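These come from TrEMBL:
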- A:12-32: transmembrane segment (TRANSMEM)
- A:68-285: domain 'ABC transmembrane type-1' (DOMAIN)
- A:74-96: transmembrane segment (TRANSMEM)
- A:108-130: transmembrane segment (TRANSMEM)
- A:159-186: transmembrane segment (TRANSMEM)
- A:207-225: transmembrane segment (TRANSMEM)
- A:264-287: transmembrane segment (TRANSMEM)
Amino acid sequence: MNKTLSDWKAILIFVGPALLLYTLVLLVPIVWSLGYTLYEGSPITGFEFVGIQNYLRILQDPTFLKALWFGTKFALVVSTGQVILGLLLALLYHFYLKNSSALVRTLIFLPVVLPTVAVAQMFSKMFAIAPQYGLVNSLLHNMGLDGYIQPWLGQADTAFWIIALMEIWKAMGFYAILLYTGLVAIPDETLEAARLDGAKGWTLTRFIVLPLLAPITISSLIFSLNGTLKVFDTIVALTNGGPGTTTTPLTLLMFKTAFTYSEYGYGSTIALGLALQCLVVTLLIVWRNRNGGQ
Amino acid sequence: MKKATLTALSALLLIGMTSTASAQKKTVTFLSGQNEDVGYTRIISDLAKEYQQKTPSVVYEYQNNTTNGTQKLQLLANSGNLPTLYSISEPTLLVQLYNKGEVADLEATFKKLGIYNKLNPVAVNINKKLTDGKLLGLPLELNIEGIWYNKKLFKESGIKEPKTWDEMMSAAEKFKAKGIQPFSASGDQKWPLTRLIGGYAARKYGADVMDRVKAGTLKLTDPGFIEAARVVQDMGKKGYFGQGVNTIDYDTAVDTFLQGKAAMFYMGSWVLRDLNDEKRNKIGAANVGFFNLPNVTGGKGSTSDWSINTGLTVAVNQKQNDAQLGNWLKYVFNSYANKSMADLGMLTGFKVSKMPKNVPTLTSMTQKKLNAAKNGYLWWEGLFSAKATAVSWDNVQPLVTGDLSPEEYMQQLQNALK
């Protein structure tokens, strides 16, 4: 085995084709896209070299900073919600519902397989104010709470929470199943031993279950944060970034900049910003986990 | 060996035949963001199919574009694959393409074909404004914009057609007090709200207001513009647009008016399609009136200036502009105006030579107003870049809810103009 691994020819034959493919379909486009950040223009007018101008612009661009902040806030709220609710659901499946959890699991998992646009359509109808009151506003009306009736998706602050709610509702089933598989993998003997030592309820969860579940929780967090930082379809379908630009994340800003305003160079710079944001968040979690584990 | 030679010969022959056939055959492709069975796409498709029956060598093909139009056109232009006709929503891109020799100068083309006199001069002038003084888009529609109102509701409340902006606002206040929504508007579409800002500015500064902004002699941060933004903001804050205006889509806005739930509705004459539709129009065509945006006290503009446009721009590919296409254009645009009027009651930028007998009353009323229009001005964002247009649209939502001040609205827009 060692002999094969030190044989350059063998390495070339085994790794070469995959590496070539990887370079062609992944590395080249990434580097190409990075190259665009130094240019400005469109395919029609031609590209002009502008040096680091796009980078200087991005640092002073209030729209970019606003989108960056919105994305960060959104990712924090939604990821916390998705992972914590997912964890609670997993614990519920495993410890309380035990074998009868199949139906509940299916129901909670259902939104994961529904197309986002369909879910968004449902949410926008639920929170509608016109032409008819949606579910929420009719309920408020029937309960005599007319003062609370409002255009939920037409105001920046309420729209934020509704988008977050939908994103959590849609994906928590996925994280519940993911964490559930982790729970199932914890050996019964370990739990039994802990119980014999007198651990139960919260103590058992805090000192036995959660530490054993940590690797999968970390993976879930990374999945969730990266997914929510790159949120696009939910927002396009629910508010299209509005009212104004108050619910515009970096993905939507990048899309609009590149494909609506035809500023391809600046669009690429925003894309780079987004990639860096995802990278930083992921590294932070990994680093925190390593330090925590030691 | 003999067999091989024979195969090679017949293959050559086949290639020869197909190439001569393709030289005679021509495909006219129309790429549009609009469905084929409505409005101008329907008229063009019908006429093109007629022509294809008479001249089978010119094949017509319709393509519906459902994706981002600007991006698609850029890709097609870059690979030299632009269709024969295509709708293009961005005048700046159209000029860029013209400068690269991709877009036909329609004034020259139509003059050469001898059909330039078919065009309505008002439509030509307004269209030329968009593209640096050249006629690059077909004026497939001719729209005027103004306020449609519910005559019955006006009569019941004892209100007359307002002559000044203040009168319009006091009418709105009366309707609101009676529990009737004064204006129906789609804030989800955003542009129906910015049109009011633009309209006010045109009354304040005159019909050439946006040309002066483009030339730099007027700044959007000047007091008149801030006043315009404040007026529209007040309308929103006072609830004149109803509840949740920013979530209301176009069709809901139309239906709110057509079901008698709103007294007034700012919209272009393309809405005649819905107003003339008996199934949708619950208030009845006889109860619909139309007036131009009223005067502003001390303003330079007047109600003889109308917001006029020629609909979504459709350009013709210069690279395919040959004799065959010339004949096709001649055939289609000779009958375009008459057919649009007869089939759809649609006003176009082409002259109608034979007025059909059964034109709907509302259509002929609008036509009369259009004929009497002295001055035309473009919509608020007509001369803006794609970026400035987006800033104007996006910011109008927080403006009408009071989350953005009129000063900030105009300041951000002025910054985006650079």
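In case you wondered, yes, glycine gets a Cβ from its N, Cα and C as well.
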Non-local residues, at least 6 beyond the ends, that sit with Cβ under 8 Å of the transmembrane segment (A:159-186): 70, 73-74, 77-78, 81-83, 85-87, 89-91, 93-94, 105, 108-112, 114, 116, 119-120, 123, 127, 152-153, 208-209, 212-213, 215-217, 219-220, 223-224, 227-228, 231, 234-235, 238-239, 242-243, 246-247
Chain residues outside the transmembrane segment (A:74-96) and at least six past its termini with a C-beta under 8 angstroms from it: 104-105, 108, 160, 163-164, 167-168, 171-180, 182-184, 205, 209, 213, 217, 220-221, 224-225, 228-229, 231, 249, 281
Folded-back contacts onto the transmembrane segment (A:207-225), same chain, C-beta under 8 angstroms, at least six residues removed: 75, 78-79, 82-83, 86-87, 91, 171, 175, 178-179, 181-183, 186, 190-191, 194, 199, 278, 281-282, 285-286, 289, 293
